[in-house]
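Note sheet for the following structure.
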Amino acid sequence: MALSKFTLCLGAIALLSSTLCFAHPGFGFGFGWGGGSGGSTGGGGGYSSLFPQFYQFTCPQVDEIILSVLEPTIARNPRMAASLLRLHFHDCFAQGCDASVLLDNGASIVSEKRSFPNINSLRGFEVIDEIKEKLEEACPGVVSCADVVALAARGSVMLSGGPNWELPLGRRDSKTASVSLSNNNIPPPNSTIQNLITLFQRQGLNEVDLVALSGGHTIGVARCFTFKQRLYNQNGNNQPDETLERTYSNELRSMCPPSGGDNNITPLDLASPARFDNAYFKLILWGKGLLTSDEVLLTGRVRKTMELVKAYADDEALFFEQFAKSMVKMGNLGPLTGSNGEVRKNCRRVN
Ligand code: HEM
């Protein structure tokens, strides 16, 4: 299915570097992911000192090496593209795009891998390791893990049939991780629209970024655990979510029984789970957005997000263009540059 798309992209190493440039820098349920009062990454979506040619002289093969790992991996396992895209999002929302999410527990590190949004959920770490090993062979100590994550996310979108864009580079890697920022800054799936807007605003991202980036749910899957309350008890009155389309709701119930089955998975975009397209927005219009956070973009009574869902459902090119721009903005959150941080040798631990 999605394989034909992947084949189309096979000769696309050159594409990854710069051509199609859309963008410029510029649970328990009823809950939240967990406790705590929030915090800021100090991100802001503004311009940063990152630039696309950062590795032009120090590691010109970087794009080629990224693709040499991504192509076979995603061809074998299309979901990995989704997992790598999500990894970048979860990295950037906790402490900025600094590869903090990749750190394992260590003497001074409590790993973000154990936060509510990440535990038993975030994946793709071994693909990042494989890329990093190849990069260390070709250009030792040069390409940061944070840039590897950003490049892997972009490559994954492109190899799934989505847009490509010029990606500013030069991020450095953190020497710290923050479970609390990961818990408090990454929105839970049962978020209200206000919740989503607030958590994105905290990062310097606006409603346009929220809707466009939510379009990342055009690929990948979610566990029953993350949307089950919609099927049985959305508002504490033992009724399903009335915004969820009936047939779809019944299908989901057979996949996710009232008790057990929490780790069963189902596509976020049931129409084309491995293809990066605008079907996600069409499904929302039909009441077939999987997570509460997907459906409230339309039903949350915020005119701006509602209009954007319709616009992206109508016009895939418009979605692609904005997605690319918002990815650049998200990728610019709180990067470490200059002499801050380090370039890790092994993405799982500080040097
Ligand atoms: C707007 C707020 C968001 C919420 C509440 C949210 C929530 C979730 C949840 C609950 C899952 C399923 C996790 C699991 O079952 O273990 C998921 C999966 C995913 N998310 Fe999000 N997400 C949001 C935004 C984003 C953004 C901004 C992106 C990327 C640009 C993204 C990309 C993905 C992808 C690709 C998957 C599938 C991963 C896989 O199959 O491994 N999400 N998201």
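FYI, residue positions are counted from 1 along the chain as it appears here.
Any Cβ shown, glycine's included, is placed from N, Cα and C.
Keep in mind that TrEMBL annotations are predicted by a computer and have not been checked by a curator.
The record from TrEMBL ties Asp269, Asp277 to Ca(2+) 2, and of the options Thr192, Thr198, Thr218, Thr337 it ties Thr218 to that site too. Of the cysteines Cys97, Cys139, Cys145, only one is given by TrEMBL as the disulfide partner of Cys347: Cys145. Checking the candidates Cys59, Cys92, Cys97 against TrEMBL, the cysteine paired with Cys139 through a disulfide bond is Cys59. Close contacts with ligand 1, defined as a Cβ under 6 Å from any of its atoms, occur at Arg86 among the recorded positions Arg86, Asp91, Gly96, Ser100, Glu112. Apart from the site residues Asp91, Gly96, Asp98, Ser100, Glu112, the chain places the Cβ of Cys92, Ala94, Gln95, Cys97, Ala99, Val101, Ala146, Ser174, Ala177, Ser178 no farther than 8 Å from the centroid of the site's Cβ atoms, the recorded Ca(2+) 1 location. For the recorded positions Arg86, Asp98, the largest tally of other C-beta atoms within 10 A is found at Asp98. Within 10 Å of its Cβ, the residue among the recorded positions His90, Ser100 with the fewest other Cβ atoms is His90. For Asp98 (Ca(2+) 1 binding site) paired with Arg86 (site 'Transition state stabilizer'), the C-alpha to C-alpha distance reads 15 Å.
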